[in-house]
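Colleague: First the structure, then my questions, so here it is.
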Amino acid sequence: MAAAVLNPGFFLLILLLSFSISPSLQYVSESEPLVRFKNSVKITKGDLNSWREGTDPCSGKWFGIYCQKGLTVSGIHVTRLGLSGTITVDDLKDLPNLKTIRLDNNLLSGPLPHFFKLRGLKSLMLSNNSFSGEIRDDFFKDMSKLKRLFLDHNKFEGSIPSSITQLPQLEELHMQSNNLTGEIPPEFGSMKNLKVLDLSTNSLDGIVPQSIADKKNLAVNLTENEYLCGPVVDVGCENIELNDPQEGQPPSKPSSSVPETSNKAAINAIMVSISLLLLFFIIVGVIKRRNKKKNPDFRMLANNRENDVVEVRISESSSTTAKRSTDSSRKRGGHSDDGSTKKGVSNIGKGGNGGGGGALGGGMGDIIMVNTDKGSFGLPDLMKAAAEVLGNGSLGSAYKAVMTTGLSVVVKRIRDMNQLAREPFDVEMRRFGKLRHPNILTPLAYHYRREEKLVVSEYMPKSSLLYVLHGDRGIYHSELTWATRLKIIQGVAHGMKFLHEEFASYDLPHGNLKSSNVLLSETYEPLISDYAFLPLLQPSNASQALFAFKTPEFAQTQQVSHKSDVYCLGIIILEILTGKFPSQYLNNGKGGTDIVQWVQSSVAEQKEEELIDPEIVNNTESMRQMVELLRVGAACIASNPDERLDMREAVRRIEQVKT
């Protein structure tokens, strides 16, 4: 019997049918383990109702799920939902391409679940839960692809598992704020890819391995481990008693060879010293109070850690000019508390020498208004304001002052313009005061003296992007959603485009763009500050104070340009998207993340998704937009400025990104 001849088209039909059927089968197979995972835990602060069996987890509708190329589940990011119960890791083994698990800020407890069964994991983030107990020493031996491990702010006990030090690709390890004991494995110092090691706030003991201290490009935090000594922690080991582990004694702790009688004598001496010190402060307080009564016309606005002080000395009016200025200050409510007629003289400097002076009403000692959108005020109004130190920046110190009218302002004392003549300073300040753009912080006023320059601007209650992104872990930080971060990036881009048009003739229209100079309004609208200062600074001061001088081109050619501002914009874009503090902001480059190298290498390997801050990843569609924006940031930080986007093109591409 002749064999039947099959039409080749039949095989093609079978092949096409298999392709058309396989995606739906993939959806079903991946939705089932996710639904089982959802059913195994309790949710107290939200829901996962979008997780429905038989639907496509990669449709963009499943909360907290993101997918690789929109086809297969690669990440589970379920945070702040009050999850509790038992995680069955076996359910997740049916997700073959799962790379990231993020369950931080929940209520999960008990021993660490058996995540070692998921050998393909690259990121495991379990911060801020209540996991407890010891972690098996060999727990991580099969997780060779793991890059980021966050176990911080839990209740883990025992020693650090040695298998962690055998993870060849590990870049970040966070185990701070647990109850870990024992010594730090020296093998951390030989882990080639390790960039961040945070073991702070534990009960670790012994000598910090020299290999960790010697490792370059490693950000280490070992603070609040009482019994550690040696390098990194800067605690000598002379007073550390290393116990014989065979004796079963507790971990090594500081010991003392001083007899008990000597201790009692020392305590008595300390008590006597404290009593004398208290008596001294009482005497000083009495003297100060008497001096205040004799000299009520001297007030200190603020001081900082470097003993810089902001002082305002009020002297009796003694000239016709002073009389006129006093009259004008009375109209503004600027007379002194005791009803006497005063004139304002700024005295801002180290040690409060009390020198210098000039009449109000436009004289050397007055506040010059350049923007009256928030009303007018004078130096006496600032003098009567409650003031506090905000901090020190690369250009000087900043102080917050709340005036009696309720207006809160920031007074920035700029230390690197002391040799600047009055005329160029006046011209620039008045020009700044005319700027109007929703993303530019326009100064309200300024004060000129040969020795001191002050710039007054409106206070932003949400502070800077730097603080909200890295320093605050409260409500402000939690509100930095993907939509909010995109709004900030686009606002910064619009502001920079405006500055590059307004100051097109300047080498650096901004020159100092970084997250500390991006302030946030109540609605998270970004306002750019500290711009266009280059013409006002001495070249030597500018190269030290302005961030644009940390660009690759300045290091290579000692030149800066408009493209240097583009580089700074790229750093901010990447900082916002990754949530990482850039090491580029630090003078010594130690600490933070080398965000340029990290991004460039990941983009080259087409691993952009791994760079995105897990806190803002919700679905596949938003991930696509984030990656697109990240590529714009990467195009802004090319080492060769000729290969960077120009500002106009960068802004155009940023505007195209939608939430």
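Any Cβ shown, glycine's included, is placed from N, Cα and C.
Per Swiss-Prot, topological domain 'Extracellular' is recorded for 27-266, and the stated evidence type is sequence analysis. Annotation comment: Swiss-Prot describes Cys58-Cys67, Cys229-Cys237 as disulfide bond. Annotated repeat 'LRR 4' per Swiss-Prot: 168-190, in sequence order, evidence recorded as sequence analysis. Taken from Swiss-Prot, the feature region 'Disordered' covers 241-260, 312-354. Residues or ranges marked as transmembrane segment by Swiss-Prot on the basis of sequence analysis: 267-287. Annotated phosphothreonine per Swiss-Prot: Thr484, Thr557, in sequence order.
Structural setting of the listed features?
Modeller: Taken residue by residue with DSSP, Cys67 (disulfide bond) is part of a strand.
Across the repeat 'LRR 4' (168-190), DSSP helix (H, G, I), strand (E, B) and coil residues number 5 helix, 7 strand, 11 coil.
Classification of Cys229 (disulfide bond) by DSSP places it within a strand.
When other Cβ atoms within 10 Å of the Cβ of Thr484 (phosphothreonine) are tallied across all protein chains shown, the result is 17.
Secondary structure at Thr557 (phosphothreonine), taken from DSSP and collapsed to helix, strand or coil, is helix. Spatially close to Thr557 (phosphothreonine) yet at least six residues away along the chain is no residue at all, judged by Cβ distances under 8 angstroms.
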Colleague: Just checking, which of Cys58, Cys67, Cys229, Cys237 (disulfide-bonded residues) has the fewest C-beta atoms within 10 Å of its C-beta?
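Modeller: Per-residue Cβ counts within 10 Å for the disulfide-bonded residues Cys58, Cys67, Cys229, Cys237 bottom out at Cys237.
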Colleague: Taking Cα atoms as reference points, which of the recorded positions Cys229, Cys237, Thr484 is nearest to Cys67 (disulfide bond)?
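Modeller: Ranked by Cα distance from Cys67 (disulfide bond), first place goes to Thr484.
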Colleague: What is the nearest of the recorded positions Cys229, Cys237, Thr484 to Cys58 (disulfide bond), using the Cα of each?
Modeller: Thr484
Colleague: Quick one: what's DSSP say for Thr484 (phosphothreonine), helix, strand or coil?
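Modeller: Note: Thr484 (phosphothreonine) is helical by DSSP.
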